[in-house]
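Colleague: These came from Swiss-Prot, pasted as-is:
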| type | residues | note |
| --- | --- | --- |
| ACT_SITE | 204 | active site, proton donor |
| ACT_SITE | 335 | active site, proton acceptor |
| BINDING | 162, 335, 364, 365, 386 | (2R)-2-phosphoglycerate binding site |
| BINDING | 241, 283, 310 | Mg(2+) binding site |
């Protein structure tokens, strides 16, 4: 037995200088752990609700109410429970909140407690978190989907697509993939300088130049890959997070690159991109409630590119089930704070995998030094992780943790590589 004995919480700052919640858990055997909660810039309407204070303090973004919720309601609800009974702990959290969207106590309060309990239980068991959650067979290191050029809500530029990523699919190990990604990142900086473009950074560590549009951004990254001597499409592939909900309006459709477009016109644009560039994955290409558009797009290009539901699914098993039934998307983005407990996150991943959907573990734009998602990526065998550029310590912390996990696994470690993208078949 590893009984939860004490639960504490505090307000800390995330990578954007905004407050977030950190929760600490002490077990009766002396095991101790903490977890910090991330926060998004572009958030889906269907996400679980963060509890913020409002008012003048921290421009309304304080989380003292969420901290108080942990101390006054969550702690009494879970103290005395065996920390290794994660599903029981998380059900106690859900019962304490009592709302479908976690709006009373806040998903940020619930998630902090849920993850801290899991980390404490792993500590008590003498296991690394990835092994504790994933069991004896957890051994696959994910492909890092490195956001090296930022636009949309992550940068103050005119680029509508939110993230342009490189995926080192041809590397033999995670260690090699990280090196390749870092080399492309630095090569991109050189390319931008040569062309007189800005090299300031966006929220997630990627460069944020004000370029003309999607194709120019992809061309710049292609040049950067070439500079390193790596082969585009074989060693390194490309990926996008469009975050289309951010530029969709009822009545006018998608205001994208200077014109209003329909879902069909957006689909035609993506089909053109997939034929012209080695793109393995497109996230949120359409609005979070445009089910018909998603289904049509999946029918059109889902056989040759990964279509990832982020705002569409918000890591919610019920939303994902709806997508599976309708045939919308073919992959799930996994963000623990979208749903608010570890158990619900694992349930969503399990549902995705059982139905042939790929999964990509993901950070948020507002991150901390917490490395939980690195362990979870290996634990669930997602084969893909999105946690920003190979720069800024809150991003690099996750990559460095994956290096440690790969080293820990030794000869048992396997890098997912191109196998993570079975639909990818770029012909150039």
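Using N, Cα and C of the backbone, Cβ positions are placed for all residues, glycine too.
Predicted, not measured: the structure shown is a model, and the values here were computed from it.
Are these features on the surface or tucked inside, and what are their neighbours?
Modeller: Other C-beta atoms found within 10 angstroms of the C-beta of residue 204 (active site, proton donor) number 31, with every protein chain shown included.
All protein chains shown were included, and the count of other CB atoms within 10 Å of the CB of residue 335 (active site, proton acceptor) stands at 25.
Under the DSSP three-state reduction, residue 162 ((2R)-2-phosphoglycerate binding site) is assigned to coil, being neither helix nor strand. Over all protein chains present, the Cβ of residue 162 ((2R)-2-phosphoglycerate binding site) has 27 other Cβ atoms lying within 10 Å.
Secondary structure at residue 310 (Mg(2+) binding site), taken from DSSP and collapsed to helix, strand or coil, is coil.
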Colleague: Compare all C-alpha positions of 162, 335, 364, 365, 386, the record's (2R)-2-phosphoglycerate binders, and send over the largest distance in angstrom.
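Modeller: Max span of the (2R)-2-phosphoglycerate binding residues, Cα based, is 17 Å.
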Colleague: Out of the binding-site residues listed (241, 364, 365), which are within 10 Å of residue 204 (active site, proton donor), Cα to Cα?
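Modeller: Checking each Cα against residue 204 (active site, proton donor), the hits are 364, 365.
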Colleague: Of 241, 310, 335, which recorded positions come within 10 Å of residue 364 ((2R)-2-phosphoglycerate binding site), going by C-alpha to C-alpha distance?
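Modeller: Near residue 364 ((2R)-2-phosphoglycerate binding site), where near means Cα within 10 Å, the recorded positions are 335.
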Colleague: Restricting to the same chain and to sequence separations of six or more, state which residues have a Cβ under 8 Å from that of residue 386 ((2R)-2-phosphoglycerate binding site).
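Modeller: Listed in sequence order, they are 144, 145, 147, 165, 241, 333, 360, 361, 362, 363.
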Colleague: Here the binding-site residues are 241, 283, 310, 364, 365; which one has the lowest number of other Cβ atoms no more than 10 Å from its Cβ?
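Modeller: Ranked by other Cβ atoms within 10 Å, the binding-site residues 241, 283, 310, 364, 365 bottom out at 365.
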Colleague: Specify the secondary structure state of residue 364 ((2R)-2-phosphoglycerate binding site) as given by DSSP, simplified to three classes.
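Modeller: SS state of residue 364 ((2R)-2-phosphoglycerate binding site) = coil.
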Colleague: Using C-alpha atoms only, work out the spacing between residue 310 (Mg(2+) binding site) and residue 365 ((2R)-2-phosphoglycerate binding site) and round it to an integer in Å.
Modeller: 14
